[in-house]
């Protein structure tokens, strides 16, 4: 396996946009809380490390991963955030419940990203066993919460830049298409 015993959550602060003025929401599932607390801690610590003041990070808890969708929707509607991170953990069991929850949560978060103008970052572990989740929530593979926080900063920055250089302010090409000037954004390649 290419990721075996490799921490995938390291980041270079110099490649991340300034985040001190952004406001983030984090919606955390209480189910499998040993894992979701580790993911939350990774996300929170990464946001703080990237100069987001603690008072600009809002945390809401929901009972399970399926409820992340509603929690994120309400946070988007009421909290004036620049991005939301949803944190959950679904571990394979003996029934199809795992498939239904994973599919529903994935589609629900995708729908929020399509329907709203605020990025929602998916940090829901869908592992085969508890050890895989431990390894990805602060264990040998790093912390997916950390990775989600960095993604949230980058997406909040993209949203900010897109509103500054709105495409309707750009000239039309002779073909009638909008000419959009690209704003360089440093994003690490994985």
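Along the chain as shown, residues are numbered 1 onward.
Cβ from N, Cα, C; glycine included.
On a predicted model such as this, the values are computed, not experimentally measured, just so you know.
Taken from Swiss-Prot as is:
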type	residues	note
ACT_SITE	97	active site, proton donor
BINDING	31, 65, 66, 67, 89, 90, 91, 122	5-amino-6-(D-ribitylamino)uracil binding site
BINDING	94, 95, 136	(2S)-2-hydroxy-3-oxobutyl phosphate binding site
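Set side by side, the binding-site residues 89, 90 differ in how many other CB atoms lie within 10 angstroms of their CB, and the most is found at 89. The binding-site residues listed here are 65, 95; among them, 65 has the most other Cβ atoms within 10 Å of its own Cβ. Cβ contacts within 10 Å of residue 122 (5-amino-6-(D-ribitylamino)uracil binding site), excluding its own Cβ and spanning all protein chains shown: 20. Closest in space to residue 31 (5-amino-6-(D-ribitylamino)uracil binding site), of the recorded positions given as 94, 95, 97, is 97, taking the CA atom of each residue. For residue 65 (5-amino-6-(D-ribitylamino)uracil binding site), none of the recorded positions have C-alpha atoms inside a 10 Å radius of its own C-alpha, out of 94, 95, 97.
When the binding-site residues 67, 94 are scored by other C-beta atoms within 10 Å, 67 scores highest. Here the Cβ of residue 66 (5-amino-6-(D-ribitylamino)uracil binding site) has 18 other Cβ atoms within 10 Å, regardless of which shown protein chain they belong to. Between the alpha carbons (Cα) of residue 97 (active site, proton donor) and residue 90 (5-amino-6-(D-ribitylamino)uracil binding site) lies a span of roughly 10 Å. Each of the recorded positions 97, 136 was ranked by the number of other C-beta atoms within 10 Å, and first place falls to 136.
Residue 94 ((2S)-2-hydroxy-3-oxobutyl phosphate binding site) sits 24 Å from residue 122 (5-amino-6-(D-ribitylamino)uracil binding site), counting Cα to Cα. The Cβ of residue 91 (5-amino-6-(D-ribitylamino)uracil binding site) lies under 8 Å from the Cβ of 32, 98, 125, 127, 128, 129, 130, 133, each on the same chain and at least six residues away in sequence. In this structure, residue 31 (5-amino-6-(D-ribitylamino)uracil binding site) belongs to neither helix nor strand by DSSP; it is coil.
On the backbone, the CA of residue 67 (5-amino-6-(D-ribitylamino)uracil binding site) and the CA of residue 95 ((2S)-2-hydroxy-3-oxobutyl phosphate binding site) stand 20 Å apart. If you measure from the Cα atom of residue 122 (5-amino-6-(D-ribitylamino)uracil binding site) to that of residue 136 ((2S)-2-hydroxy-3-oxobutyl phosphate binding site), you get 14 Å.
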